[in-house]
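All remarks here apply to the structure that follows.
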Amino acid sequence: MNLLETVEQDTMPTHYKQMTQAEMIARVTEIKAQLGENLFIPCHHYQKDEVVPFADAIGDSLQLAQIAAQNKKAKHIVFCGVHFMAETADMLTTSEQIVTLPDMRAGCSMADMADIHQLTNAWPKLQTLFGDTILPVTYINSTAAIKSFVGEHGGTTVTSSNATKIVSWALEQKERIFFLPDQHLGRNTAFELGIPLEHMAIWNPIKNELEYEGNLDDCKVILWKGYCSVHQHFTVKNIENIRKNNPKMRIIVHPECTHEVVSLADDSGSTKKIVTEINNAAPGTEWAVGTEANLVGRIIQENPDKKIVSLNPFMCPCMTMNRIDLPHLLWTLEAIQNGEQRNQIKVDKQTTKFALKALERMLQLS
């Protein structure tokens, strides 16, 4: 889903924005009770605090994919996340289940950095350079079309929770991997597995060319030149400031951060790992967290016995995740209550066929 194509697609009536918080909470609570098991609301960790209390499940991308695959009861799945997550939920659920996204503008800039036409142009060039020695691996933060291509070519999806296991498996299948769309997760994972940086190349989808100065025979990992616009804003300078001003503070970051940041942090991991590690830490411990602002704020609220700050004090929330708010959730639920279909996410059968192969490989390995 291209964000530029959907920037003016918000058709929610204005009266929802004029309701009080209390009115909206009461209505959402009422509709949830009426729909019962026919409604399921999965919610990503990066969602707004006003939405999270209504979630039936909260988690990272892997957890939500697993939950979607297991849920067979709910007719309506209202996904509080972004577009690629709702696509994944649609593909993993039955044809009778309906997946909706409260605001169609909730996309992902990283996912949009890997266009299927760019990938189909890249693949034959890479085959010419390396022959049949490459396994494609896509971060779950990608479009259904990208997942489908990867699945059709024997590859798999991956999340930040299972990246080490999945990439290790992938490198056992072929001599090298093509990791997309997030170069940083790919680089950090491969480095953790012992692959030196000089054996990693960059694929530039704009120029449609490989960026690599070494011997091609040494290249083990090809990284698509994409990134997370949120995690790019955590810098080495942020870490230096914490070390200087708060030397006791433990720094934990998401692996979508740059390699330089991850290398200097005390630890890195998925949103699930970050939440679990801080929740289980001893009272009085101090933390600087390098991930999305909504989640950091929630961790602070849930751990009043610890000192927790954002690694970057000027960090903003993920703006597309932030599209999902209480008015849009209520608007969506009222449509379901009235028998109307709105903002359904539906992936076509051909795309689903091969994307499921990539997703199922990941879930089996996880």
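Cβ coordinates come from backbone N, Cα and C, glycine included.
The DSSP secondary structure for HIS44 (iminosuccinate binding site) is strand. Other Cβ atoms within 10 Å of the Cβ of HIS44 (iminosuccinate binding site), summed over all protein chains shown, number 27. Sequence annotations record features per position, and here Swiss-Prot assigns iminosuccinate binding site to HIS44, SER61, TYR139, ILE140, ASN141, SER160, HIS254, PRO255, GLU256, THR271.
Neighbour count (other Cβ atoms within 10 Å of the Cβ, all protein chains): 23 for CYS108 ([4Fe-4S] cluster binding site). Under the heading [4Fe-4S] cluster binding site, Swiss-Prot lists CYS108, CYS228, CYS318, citing sequence analysis as support.
For the pair formed by CYS318 ([4Fe-4S] cluster binding site) and GLU256 (iminosuccinate binding site), distance between Cα atoms is given as 13 Å, rounded to the nearest Å.
Cα spacing between GLU256 (iminosuccinate binding site) and CYS228 ([4Fe-4S] cluster binding site): 7 Å, rounded to the nearest whole number. Considering only the binding-site residues HIS44, TYR139, ASN141, HIS254, CYS108 ([4Fe-4S] cluster binding site) has ASN141 as its nearest partner by CA-CA distance. Looking at ASN141 (iminosuccinate binding site) and CYS228 ([4Fe-4S] cluster binding site), their Cα atoms lie 10 Å from each other.
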